[in-house]
Amino acid sequence: MDKHKQATMLWLLNILVLSSSNFQVGVGASDHRYKMEDEVPLYANKVGPFQNPSETYRYFDLPFCLPDHLTEKREALGEVLNGDRMVDARYKLKFQVDKASELLCKKKLTKEDLAKFREAVKNDYYFQMYYDDLPIWGFIGKIENENKGEQKEHRYLLYRHLQFTILYNNDRVIEIGVQTDPQYTVDITDDNEIDVEFTYSVKWAQTDIPFERRMDKYAKSSFLPQHLEIHWFSIINSCVTVLLLTGFLATILMRILKNDFIKYSRDEESMDDQEETGWKYIHGDVFRYPSHKSLFSAVLGSGTQLLALAMFIFTLALVGVFYPYNRGALYTALVIIYALTSGIAGYVSASFYSQLEGENWLRNLLLTGCIFCGPLFLTFCFLNTVAIAYNATAALPFGTIVVILLIWTLITAPLLVLGGIAGNNSKTEFQAPCRTTKYPREIPPLPWYRKAVPQMAMAGFLPFSAIYIELYYIFASVWGHKIYTIYSILFIVFIILIIVTAFITIALTYFQLAAEDHEWWWRSVLCGGSTGLFVFGYCFYYYFARSDMTGFMQVSFFFGYMACICYGFFLLLGTVGFHSSLLFVRHIYRSIKCE
């Protein structure tokens, strides 16, 4: 990597918080106060290729200078899920104590050590540390190209000196940065054993920045003027989409409905002389229960739970829980809130299954519990196995897996069952304005564009276009080194996504009924959830065109977890699509006389 590109990447690392390392519930900024020469905790966290955010390894997997006693920091659930593995570092950065070229250690680099460092430099490895809960990053080394005749030779240089610059305000640490000195490098191109002296310097300086604002620099990138303009352009784009779609429904759909109501409200005698056509013709079939009632109810239950989970997460984000230095909080919140909202899934699924006159509610409840968690668990097992094979920090320890299983066993499953019992005992009847005939009518032949797949493509395109611009920033945060903090804009985009999904599903449901196709139940779910398929398609574009991710592990993690996220979106938006269509269908059939 050339010097300019590496400098740019180092600036990114030191200005932007790794989005995957942002959060930890219950742990705010370090509020420690220090006196002169007090020990300030410095933890070495991990190393990894810059372009592969999921592929990280323990700091001392590389042959750095080990401390006398290797002590691991106790970490919260969210930190472990995030892949953090913090240990005490050998560096001694005492409060307000400057150091110039302090010896860290003398180390003999063997052939194996040189090979490890050389591979790290080749793959642009960076290191991450935490000093008083402030993140710091730097690169391991650099590659220099030498021209020898017509051939280019690569020289691998390892940085052996770190310069720490620390700002303080009275008795608190405010900011820290680390730089590597190109004059202090060692050539590790060859396999010859060498003795290396690793050194570091510390420079303290006073600042007027108050302690409460010490994390502001990590969130600045989200509020840069050019970024805000793009975000607002995304909002305007989404709003225009909503207005156009609303206008379409108001002018076209409502006009058609008005004409339909006038036609269907004629005297009964005049109706006898005409053959019924359109959506009124199928009034005896439109409320016929769908096939696979148990699966259908499970989809609605799980989708409702995921919608509740999203709303709770947005609420926490808007009140300021997920700030940059709050490591692991997002992951912890997702696990805990998902467990606590499982009762919603059980209640909605069992209640709707009971309305559909289902009999085996226990099987329905089991299906509800597994319809999202099942694929997620299988994906996790595969990816955790890959991480173990790579010896990466993404591999969860056995104890953490046991904790997650206990949460599922002691919280998720009982609440799911309790919600299912309450839903099954609610004895709510399905509200159908029209009686259902004994035998279903035959659906007339339909043109190809009225089939399920073309309708799903039409239904998913508009909602996807409303969130397309914002998707890049989300992907760059989750699968890159940027941070996303403008949760208010993200929440507006999410609400717009819900509205557009509801509107487009209603429109397509009407045209389906007008074509005398009464099997709209599953179609509304598929059309509503099709945006999740568009987002998964965007994953391929982002991976190949917008990122530099490489390697089997990173590919597995990216597409594996994105498949689960997109599947969750499918369930969530499919539920929105069905409920909005159900309200619409009930309304139009309640407005006419159905015999």
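Cβ coordinates come from backbone N, Cα and C, glycine included.
Automated prediction, rather than curation, is the source of TrEMBL annotations.
Given the structure is predicted, the values throughout are model-derived calculations rather than measurements.
What TrEMBL says about this protein:
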SIGNAL    1-28  signal peptide
TRANSMEM  230-257  transmembrane segment
TRANSMEM  295-323  transmembrane segment
TRANSMEM  329-353  transmembrane segment
TRANSMEM  365-390  transmembrane segment
TRANSMEM  396-418  transmembrane segment
TRANSMEM  456-475  transmembrane segment
TRANSMEM  487-508  transmembrane segment
TRANSMEM  520-544  transmembrane segment
TRANSMEM  556-585  transmembrane segment
Stretch-level contact, the transmembrane segment (396-418) and the transmembrane segment (230-257), CB cutoff 8 A, at least 3 pairs: no
Remote residues contacting the transmembrane segment (520-544) - C-beta distance under 8 A, at least 6 residues beyond either end: 286, 289-291, 296, 299, 452, 455-461, 463-464, 467-468, 471-472, 475, 479, 497, 501-502, 504-505, 508-509, 512-513, 555, 558-559, 562-563, 565-578, 580-582, 585
Chain residues outside the transmembrane segment (230-257) and at least six past its termini with a C-beta under 8 angstroms from it: 462, 465-467, 469-470, 473, 486, 489, 492-493, 496-497, 499-500, 503-504, 506-507, 510, 514, 588
